[in-house]
Amino acid sequence: MTVPREMPEKWPRVRGPGGAEEERRVRANAREYNEKFQYASNCIKTSKYNIVTFLPVNLFEQFQEVANTYFLFLLILQLIPQISSLSWFTTIVPLVLVLTITAVKDATDDYFRHKSDNQVNNRQSQVLISGVLRQEQWMNVRVGDIIKLENNQFVAADLLLLSSSEPHGLCYIETAELDGETNMKVRQAIPVTSELGDTSKLALFDGEVICEPPNNKLDKFGGTLYWKENKYPLSNQNMLLRGCVLRNTEWCFGLVIFAGPDTKLMQNSGRTKFKRTSIDRLMNTLVLWIFGFLVCMGVILAIGNAIWEHEVGVCFQIYLPWDEGVHSAFFSGFLSFWSYIIILNTVVPISLYVSVEVIRLGHSYFINWDKKMYCAKRRTPAEARTTTLNEELGQVEYIFSDKTGTLTQNIMVFSKCSVNGHSYGDVQDMLGHKAELGERPEPVDFSFNPLADPRFQFWDPSLLEAVKLGDPHVHEFFRLLSLCHTVMSEEKSEGELFYKAQSPDEGALVTAARNFGFVFRSRTPKTITVHELGRAITYQLLAILDFNNIRKRMSVIVRSPEGKIRLYCKGADTILLERLHPTNQDLTNVTTDHLNEYAGEGLRTLVLAYKDLEESYYEDWSERLHRASGAPEAREDRLARLYDEVEHDMMLLGATAIEDKLQQGVPETIAILTLANIKIWVLTGDKQETAVNIGYSCKMLTDDMTEVFVVTGHTVLEVREELRKAREKMMDASRSMGNGFSYQEKLSSTKLTSVLEAIAGEYALVINGHSLAHALEADMEVEFLETACACKAVICCRVTPLQKAQVVELVKKYKKAVTLAIGDGANDVSMIKTAHIGVGISGQEGIQAVLASDYSFSQFKFLQRLLLVHGRWSYLRMCKFLCYFFYKNFAFTMVHFWFGFFCGFSAQTVYDQYFITLYNIVYTSLPVLAMGVFDQDVPEQRSMEYPKLYEPGQLNLLFNKREFFICIAQGIYTSVLMFFIPYGVFADATRDDGAQLADYQSFAVTVATSLVIVVSVQIGLDTGFWTAINHFFIWGSLAAYFAILFAMHSDGLFQMFPNQFRFVGNAQNTLAQPTVWLTIALTTVVCVMPVVAFRFLKLDLKPELSDTVRYTQLEGFGELIMSGKNMRLSSLALSGFAARPSASWIETLRKKKGGEGSTACSPSGAPDKTLKV
């Protein structure tokens, strides 16, 4: 290879000081040269383990969990004879069970990863080796190899396209595996290599590529090819990325640049940030508190042991000697501390964590199986892509939504246009006047055009007449639409055109031009062929200035058959109007009025302009463009400056307006979510008027609102002033209504107090992207957030993907609220990943949003069911599960604490060690799991009808520190009665034969039986929705307890294991005594009755809204039903609604039975038939 003069003779470093790759150098057909750089092979590995490493690595990962390490520590303590009063299996059985379940799950997941890796790595590819094409497995492909692809084959690695079967080195690819888009995209080889079509020429190709290091940017690539003393710039248009599929191209050759883990596909497969729920964080805190409580109990009992041994135990040394190695009461107390840590460890059982995961998995399956969230049209079910966030779906306070494709269908229809100051598109009646609402005459007849799309409809015939009359402005308007795009045309049969567009907007505009006689037929890298009113014209394509989110415009430069060079440009009005020639001022004013009118109707608008270029200027500009394209550094910036230069002083042609209809059910969904006290913010790239109109269409904005504030300031001071005025207006209105609210200018940055509850009236905030940029600055973000949170609805227009994520991050930072982001496109990915919960809509814009999301479905309206049904139930079930779980374990464990005061603090257990082992994994595990998976407080229809039921989750009322302490108190109360009632009875009780009843084993059986029965009755009281599974698990667990109890005290087990099961017949003898059963019954009643009484009184005196809704079907309970107006009260007011003077529901039931019924009425006097809002 000959090195060109511009190329440095001494190569720069490929790797930096830290080993990171700074640039990549690849030489074609030179494996030995490329192997010096130790580039990754094309073998991919997504699995984590192999047969040798699985056990040690998996166990190491599992013991990263604090709980697992804690139980391993307990197991080690139990192996020390001096401090262990329990057999080692009481800890090792549940620990091994948990570790095994997790290991099996991990192994299964990794097996499927191995299977997938092997399938991909063993795919076949044709590699050019020593001038001959050989079949090689993908894993054996190396950087620098030249490979051949054939039609419909997957691309094996990231390739530089060298040549293809198509003219000019073109090839067509489908990128669905990368970005979800199924439309074809075009890639082109650089001209110098496009002629290398056979293997003999390619075998001699020794070009060298210097390019960027591996990265995850799918839409960017920068590099240079050095060959034959020349250098050629390379861009993303020359690359075929791994994961793409070759389409409509017989064959192509490519040079491997990135392989295996270095490919852009694999670089994008990094792990998503792990999200934890608020209940997870609270649970971790509570577990730490319980550990602290455990240590305190251990210290108390250890001190008791030391005192007892010093005062009492010393007197019994003859027949109760200290263990070997114990020489003082103090050391005895020290050992006793560790013994009690072992015995009392069940206050935090290891089964808690496994049970939580099982319940979450069940909730995820319910979402996946929900037929009411299945879209038959697209055959798309709802999908829970994570199992860790289900209960947080019941606590959402803020929803951040994209507009296009999320609230709307993203199916674009060319609706109206403005050409040279004349507006077209209004529906007209027979006399040519604007038709009234609801009138719709026949659509325009396009039969004159044999290439017209029969599905396209337009209602204003005057535009077609202008085309037929030869209006030059209208012709130029549609000529621009037929030339300025990146659409691919496919003609399956003569005159049957199919357009494949990268965006629905482009497809709609090109289709409109097609129907009005300007038909885009085909394109090559250098030409575009258009049929203009039946006449085929081929334009020379000189340059494409592509669209991106920063430029917000696209241009093409073409040369007409007459030799005239013209630039055509289309883009956002905010960008294009400031780039027009000053002579366009009058036309600009008229067109701006039309744009505002279109935007006010909710239409998406674009401005069209053109500019004639002199031949000499274009030649000079083209030369500079070529140099900038080959620049090794700052290439993007140089190109942007050149694009900006040529796109100035343009002539205005007109504007287009495209309709994007709302999805079905969006207004109703937003209305119901708003009534659930969920605040919805729309973050969109559309212009303000369009977004506001959609806001009214979907009922986010209403005419009943007190005021809609619009922030459009261009400077920091203007934005600050507009936000200040908005707050002042809200405060003034609030004071005038007598709220007596005193506004504080300064708020704490750590805890922002929303003024939402303090102000009167409903407000909305609309803010533009340039204003939002200032509002998000550090010194103003609190003011912006406070103003926005005081509003019922917030719409942010013209926002970038980064700004979307910043807004979500701002609310997360200052508000103690759960956020949910929902979107359908790649521009929503950052917002979806930033929010607590990300939801992807599988719509028209590919599946990038879905791949980044936690939950996905196909229509926005399903969000209502996801939150109000699945989310609310998941939160309710998890809270009830946790409350009961902590209760039953404190009731179980604290009995040991009380027993310590009666056994000389000797760390003797009350229960049999087998009962301790089986309590959490057999006797009480399945009933609480059934409740956690299946429980409901109200049916799903009621959850949807009464949005206010959602508020307890937002306020975190069902499980918090207060509820936790109530559960602990109930557990301790139960343990006191569980120990002292049998203790008191057994002190003087006798058997039927007059013998003393009080022996240790009989006491243990009585207390254990009482415990199992009490906790079973308690879960029966806690269960709100009984299924056959609940019945089977609760009564089955009781039956299993008695069966195991009698088995362990049977002759058979004693004969097999005489050292383990010594107490033959104890259970049978104990439970045969009426005194024992009376004791169990008394303990059960005394433990349960206060709970029953409290719940009964609470239901009568201060019922929750869910109680009200649950019992609406009972006669007479209608008096507690509220009118629709009252349903809009705040949650705090709602929680106390039952305290108003009224007869209790019990009294009402009595009256009803006595025939004194009356119909509950709303304040207006009308019968209040339902609670719907």
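Including glycine, each Cβ sits where the backbone N, Cα and C put it.
For 1-23 (among others), the entry in TrEMBL reads region 'Disordered'.
Residues or ranges marked as compositional bias 'Basic and acidic residues' by TrEMBL: 1-12.
Here TrEMBL flags 26-92 as domain 'P-type ATPase N-terminal'.
Per TrEMBL, the feature transmembrane segment maps to 86-104 (among others).
TrEMBL lists 286-308 (among others) with the feature transmembrane segment. Residues 67, 70, 329-330, 332-334, 336-338, 340-341, 344-345, 347-348, 886, 897, 900-901, 904-907, 961, 964 of the same chain lie 6+ residues outside the transmembrane segment (286-308) yet bring a C-beta within less than 8 angstroms of a C-beta in it.
The transmembrane segment annotation in TrEMBL covers 328-354 (among others).
Sequence annotations record features per position, and here TrEMBL assigns ATP binding site to Asp402, Lys403, Thr404, Glu506, Phe547, Lys570, Arg604, Thr684, Gly685, Asp686, Arg798, Lys804, Asn827, Asp828. Taking a C-beta cut-off of under 8 angstroms and a sequence separation of 6 or more, Phe547 (ATP binding site) has the following same-chain neighbours: Arg553, Met554, Gly571.
Just so you know, the Cβ of Asp828 (Mg(2+) binding site) picks up 31 other Cβ atoms within 10 Å once every protein chain is counted. Per TrEMBL, Mg(2+) binding site is recorded for Asp402, Thr404, Asp824, Asp828.
Taken from TrEMBL, the feature transmembrane segment applies to 881-902 (among others). The list of residues near the transmembrane segment (881-902) in space but at least 6 beyond its ends in sequence, with Cβ under 8 angstroms from a Cβ of it, reads 279, 283, 286, 297, 301, 304, 340, 343-344, 346-349, 352, 355-356, 359, 908-911, 919-920, 924, 928, 931-932, 959, 963-964, 966-968, 970-972, 974-976, 978-980, 983, 1007, 1011, 1014-1015, 1018-1019, 1022.
For 914-934 (among others), the entry in TrEMBL reads transmembrane segment. Sequence-distant contacts of the transmembrane segment (914-934), counting only residues of its own chain at least 6 positions beyond either end whose CB sits under 8 Å from a CB of the stretch, comprise 86, 89-90, 93-94, 97, 346, 349, 351, 355, 358-359, 362-363, 877-878, 880-881, 884-885, 888-889, 892, 1004, 1008, 1012, 1015-1016, 1019, 1022-1023, 1025, 1027, 1029-1030, 1033-1034, 1036-1037, 1040-1041, 1044, 1048.
Only residues 6 or more beyond the boundaries of the transmembrane segment (964-983), in the same chain, are considered here, and those with a CB under 8 A from a CB of the stretch are 286, 882-884, 886-895, 897-899, 902, 910, 1003, 1006-1007, 1010-1011, 1014, 1079, 1082-1083, 1086-1087, 1090-1091. The transmembrane segment feature in TrEMBL is assigned to 964-983 (among others).
Listed as Cβ neighbours of the transmembrane segment (1003-1021) (distance under 8 Å, sequence separation of 6 or more from its ends, same chain) are residues 884, 887-888, 891-892, 895, 910-912, 915, 923-924, 927-928, 931, 974, 978-979, 981-983, 986, 1034, 1037-1038, 1041, 1045, 1066-1067, 1070-1071, 1076, 1079-1080, 1083-1084, 1087-1088, 1091-1092, 1095. The transmembrane segment annotation in TrEMBL covers 1003-1021 (among others).
Marked as transmembrane segment by TrEMBL: 1033-1056 (among others).
The transmembrane segment feature in TrEMBL is assigned to 1076-1097 (among others). Here the transmembrane segment (1076-1097) has long-range neighbours at 970, 973-974, 977-978, 981-982, 985-986, 997, 1002, 1005-1006, 1009-1010, 1013-1014, 1017-1018, 1021, 1070, meaning same-chain residues at least 6 beyond its ends whose C-beta is under 8 angstroms from one of its own.
The feature region 'Disordered' is assigned by TrEMBL to 1154-1173 (among others).
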Distance between Asp402 (ATP binding site) and Asp828 (Mg(2+) binding site) at the Cα atoms, whole Å?
7
Near Asp824 (Mg(2+) binding site), meaning Cα within 10 Å, which of Thr404, Arg604, Gly685, Arg798 (binding-site residues)?
Thr404
Where among the binding-site residues Arg604, Arg798 do you find the Cβ with the fewest other Cβ atoms within 10 Å?
Arg798
For the ATP site as recorded (Asp402, Lys403, Thr404, Glu506, Phe547, Lys570, Arg604, Thr684, Gly685, Asp686, Arg798, Lys804, Asn827, Asp828), determine the largest distance between any two Cα atoms, in Å, rounded to the nearest integer.
25
Counting Cβ atoms within 10 Å across all protein chains shown, which of the binding-site residues Thr404, Asn827 comes out on top?
Thr404
Could you measure between Arg798 (ATP binding site) and Asp828 (Mg(2+) binding site) for me? Cα positions, answer in whole angstrom.
14
Measure from the CA atom of Gly685 (ATP binding site) to the CA atom of Asp828 (Mg(2+) binding site) and give the result in Å, rounded to a whole number.
11
For Asp402 (ATP binding site), the number of other Cβ atoms found within 10 Å of its own Cβ:
30
Residues of the domain 'P-type ATPase N-terminal' (26-92) by DSSP state, where helix covers H, G and I:
31 helix, 2 strand, 34 coil
Quick one: give me the count of other CB atoms within 10 A of the CB of Gly685 (ATP binding site).
24
